[in-house]
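Going by TrEMBL, these are the annotated features:
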type     : residues                                 : note
ACT_SITE : K193                                     : active site, for sulfotransferase activity
BINDING  : S292, Y397, K413, G414, R415, G416, Y417 : 3'-phosphoadenylyl sulfate binding site
DISULFID : C398-C408                                : disulfide bond
DOMAIN   : 2-92                                     : domain 'Heparan sulphate-N-deacetylase deacetylase'
DOMAIN   : 185-423                                  : domain 'Sulfotransferase'
Amino acid sequence: MYNYSVAPHHAGVYPVHEPLFEAWRRVWKIRVTCTEEYPHFRPASRRRGFVYKGIMVLPRQTCGLYTHTLLFSAYPGGHAALTKSIQGGEIFFSIIYNPFALFMTHQQNYGNDRLAIYTFENAVRFVNCWTNIKLKWMDPLKMGIAYFQRFPDERTPVWGNPCSDPRHLEILSSDFNCSQLALPNAVIVGPQKTGSTALYAFLKLHPNVQSNVENNVTYEEPQFFGGKAYLNGLDWYLNQFPFDSGVEGQQVLFEKSATYFDSPDAPRQMNALIDEAKLIIILINPAKRAYSWYQHMIAHKDPIALKYSFAQVLAATDNDSERKLWKLRQRCIAPGRYAHHLDRWLEYYSPNRLLIVDGEQLKDDPVPVMNDVQQFLGLPLIDYKQLLKFNEHKGFYCSQAEGNKTKCLGKSKGRGYEPMGAELTDSLAKLYLQDNIALHKMITKMGWRTPRWLQEQLVKLS
Ligand SMILES: Nc1ncnc2c1ncn2[C@@H]1O[C@H](COP(=O)(O)OS(=O)(=O)O)[C@@H](OP(=O)(O)O)[C@H]1O
């Protein structure tokens with residue numbers, strides 16, 4: 001009647017068991033349910049709601065009545081403890097502190113000894129008598145809608161590792177294998193257009209390294225954190241990695257999604273799932289990155305990029321009638337404000353979990369860079385001199401293939417285009433000056449190595 005359902009023993013609501021949500025959605029048209037497990041059972045005050053596959057999951061409170069508490073005498077501490085909980089104790093505060101309070105008790109309590117009815121009649125009476133809080137009953141569907149209007153930020157779930165919570169572990173489906181959990185222990189987070197694909201391809205050459213599987217839409221990138229795919233759920237993400245890729249010892253399982261770097265949500269979402277991962281950030285002169293992005297949009301036949309020159313794109317303002325021109329300018333410029341984005345990553349990961357790679361050095365002289373990367377990831381060192389070779393035709397380093405041949409990245413990486421021109425180079429250097437100074441300060445403070453291009457930029461404008 002209310003499009004509301006509770007799973008037996010709450011199994012599968014959270015951690016999400018896909019077939020349950022699918023059956024609820026398709027067969028039963030369920031719109032709302034609840035759990036006390038999200039994100040964790042304790043502390044109860046931190047329970048939250050989320051929406052998954054159109055089903056609203058509300059946080060449920062605990063009232064201490066279970067199948068075995070049919071009589072006052074069975075309630076832990078007896079009648080006196082229950083009265084205390086109602087009159088200013090746990091039940092009372094659960095109602096007071098939660099603008100939306102959802103309790104559930106078992107059929108037996110209602111049917112047999114009426115303990116739940118006793119408890120809630122008294123709790124309501126107590127609240128009405130001693131507070132000026134107005135209690136209101138709502139059917140679950142209306143409550144779900146009202147809940148997410150009040151807490152819109154909670155709609156998107158935050159996926160955690162179910163194997164690290166003993167209660168979650170207990171209700172996982174039997175085919176969920178925690179000992180072989182294929183979660184990456186390293187991620188190349190971008191930003192876009194800095195050489196991230198070359199780094200991805202080079203790292204994959206290492207025998208102790210495995211990566212995600214590729215797809216037809218975003219190719220080598222899962223683009224899970226901070227992206228639309230995040231709503232596909234944890235099983236979807238796990239399926240991006242080969243089944244036998246549980247990691248141990250000197251093994252690295254990694255993915256790269258260059259979209260993560262400047263996403264406002266990616267650091268928080270990634271940390272909730274893989275807080276021990278090592279992150280690689282690859283930076284080039286942001287002016288070059290901006291121009292490369294513009295060329296990328298030209299190659300993708302973006303009508304705005306085709307209509308306006310790069311100089312016109314850079315000159316766009318927030319007041320421009322052509323909104324898309326401003327948006328393109330932002331996509332060129334904003335990811336290059338490196339210190340600003342790095343600050344967000346540092347909120348969630350300690351500096352020693354982050355490696356800053358000089359993307360310009362990777363392009364010109366990749367072997368020392370790959371040595372640093374191997375060291376950072378704790379990999380046994382292999383000789384990248386034997387694996388990479390400069391290809392004159394491509395103009396870039398490529399992997400060695402059989403018969404003295406090379407295997408280079410595709411046409412979309414290392415596109416040939418007109419150089420930017422001195423005037424635009426200068427104006428972008430000025431535009432990024434404060435950001436580059438902030439980046440340099442941050443790099444020094446964190447004890448990271450300063451990329452050569454950054455030193456050159458700062459010397460040039462000082
Ligand atoms: N070895 C090698 N081969 C090919 N390309 C290389 C290589 N090393 C660095 N680069 C530079 O990488 C630029 C593309 O960066 P990304 O791979 O990060 O782009 S993307 O965000 O994944 O689309 C790409 O930018 P464009 O030159 O603008 O195409 C290259 O300059």
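Glycine is no exception: its Cβ is also placed from the backbone N, Cα and C atoms.
Ranking the recorded positions K193, C398, C408 by Cα distance from Y417 (3'-phosphoadenylyl sulfate binding site) puts K193 first. In the three-state DSSP classification, S292 (3'-phosphoadenylyl sulfate binding site) falls within a helix. Over all protein chains present, the Cβ of S292 (3'-phosphoadenylyl sulfate binding site) has 19 other Cβ atoms lying within 10 Å. For the domain 'Sulfotransferase' (185-423), the model's average pLDDT works out to 95. The Cβ of R415 has fewer other Cβ atoms within 10 Å than any other of the recorded positions K193, K413, R415.
For C408 (disulfide bond), the nearest neighbour among the listed binding-site residues (Y397, R415, G416), judged by C-alpha distance, is Y397. Residues in the domain 'Heparan sulphate-N-deacetylase deacetylase' (2-92) partition by DSSP class (helix H, G, I; strand E, B; coil) as 32 helix, 13 strand, 46 coil.
Taken residue by residue with DSSP, Y397 (3'-phosphoadenylyl sulfate binding site) is part of a strand.
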